[in-house]
């Protein structure tokens with residue numbers, strides 16, 4: 001890309017911020033708008049990126065008003081009537097969606113693209129870490145903040161490989177040209193965009209057709225997809241406790257640690273220690289190791305990389321722990337991943353009382369999957385259900401958190417607003433494990449919950 005100035009509309013998103021960091025690291029001028037100040041936007045500002053938080057054409061820095069030198073990058077979540085976006089359109093600037101820009105800057109490298117309704121952020125971050133630890137230079141655009149690198153961007157200027165989280169929203173992943181790809185899940189989602197589950201699955205099948213002729217696809221065994229690979233591209237499957245081209249077995253959970261053996265074509269790598277000991281990460285790790293193995297990582301490098309993997313913020317993230325209670329935050333916002341997270345909690349903390357706080361994300365997703373959300377949440381000992389976080393959507397008549405709440409069969413359940421949550425938790429001490437779930441602004445409550453637990457248990461050993 002030949003522009004010198006890059007202006008981001010919606011710069012605070014996890015994908016947009018990684019791109020902003022990329023261009024800033026390249027020495028370009030970067031600025032942008034977001035409607036909400038967050039720790040991530042504040043970190044971008046500390047890095048030297050100019051950000052404002054109100055939609056006003058007058059707030060656009062003068063440097064970014066030359067259409068010959070400025071590229072405007074926007075996210076599909078930005079409404080069509082956004083005044084800054086309209087200004088740039090009306091004055092002949094070049095505007096590109098984030099996914100299109102990502103496709104352009106990664107086209108000259110070997111893209112390692114991880115797609116899936118859930119599991120893609122963890123698998124992408126694990127893959128990038130494994131490549132890095134194996135001495136295989138790679139850059140990475142991640143969908144979360146890696147705890148190993150304290151960023152959602154890994155930049156290696158001379159690398160052949162670039163790891164990309166391939167987002168299915170708005171068919172964004174159709175802009176990519178993978179060399180290696182993985183599909184972790186294909187449970188229907190974003191039906192406001194796709195319309196039907198069949199159209200959703202077709203979009204994933206089209207994604208497989210974009211894999212380069214000499215490339216490869218690693219797909220979870222049993223997914224209801226028919227890949228459309230070019231004739232010389234290779235297809236592999238992966239699984240857990242089931243034979244596939246790549247698979248994990250001999251799983252041992254002992255004293256808070258998880259060990260397993262990894263099988264690759266013609267090779268068995270025993271005694272893999274999972275750096276973040278969560279059962280669902282066995283599956284994510286199997287996919288990541290499969291990709292790294294195909295890229296040339298060796299057995300000892302894979303073993304060391306998996307053991308040193310530190311996780312991602314907001315992915316089964318332990319925020320407080322002592323001998324009395326543990327507090328975990330997770331980004332789960334689709335019923336399949338919510339179910340997987342809760343099952344992992346119940347397995348890791350077997351016999352302990354688990355209270356889960358869930359903030360539904362999007363009216364359409366709540367409407368489409370209310371039954372499945374209720375079924376997943378009913379596994380908990382206690383459920384606190386917050387109001388729906390609308391994100392880009394307007395309310396839908398008859399759709400609220402109540403449609404989930406009415407179907408929850410957990411022994412104890414409460415429906416409350418975001419503002420009521422902390423006072424409610426102050427009165428509760430019946431849980432051994434507290435977990436928050438959701439992709440909305442529930443993360444704004446996390447510091448307050450941590451502080452409450454620190455006050456309550458200040459005399460208890462951690």
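Here the Cβ of each residue, glycine as well, is placed from N, Cα and C on the backbone.
Any TrEMBL annotation is an automated prediction that lacks curation.
Annotated features, as they stand in TrEMBL:
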type    : residues                          : note
BINDING : 116, 117, 118, 119, 120, 121, 122 : ATP binding site
DOMAIN  : 5-108                             : domain 'Mur ligase N-terminal catalytic'
DOMAIN  : 114-291                           : domain 'Mur ligase central'
DOMAIN  : 314-440                           : domain 'Mur ligase C-terminal'
The domain 'Mur ligase C-terminal' (314-440), counted residue by residue under DSSP: helix, strand, coil: 42 helix, 30 strand, 55 coil
Helix, strand or coil at residue 119 (ATP binding site) [DSSP, three-state]: coil
For the ATP site built from 116, 117, 118, 119, 120, 121, 122, further residues of that chain with CB within 8 A of the site's CB center: 114, 123, 184, 185, 284, 337
Candidates 117, 121, 122: member of the binding-site residues with the richest Cβ shell (10 Å): 122
Nonlocal neighbours by CB distance (under 8 Å) for residue 119 (ATP binding site), same chain, sequence gap 6 or more: 184, 185, 280, 283, 284, 287, 337
Number of helical, extended and coil residues in the domain 'Mur ligase N-terminal catalytic' (5-108), per DSSP: 43 helix, 22 strand, 39 coil
Within the predicted model, mean pLDDT of the domain 'Mur ligase N-terminal catalytic' (5-108): 94
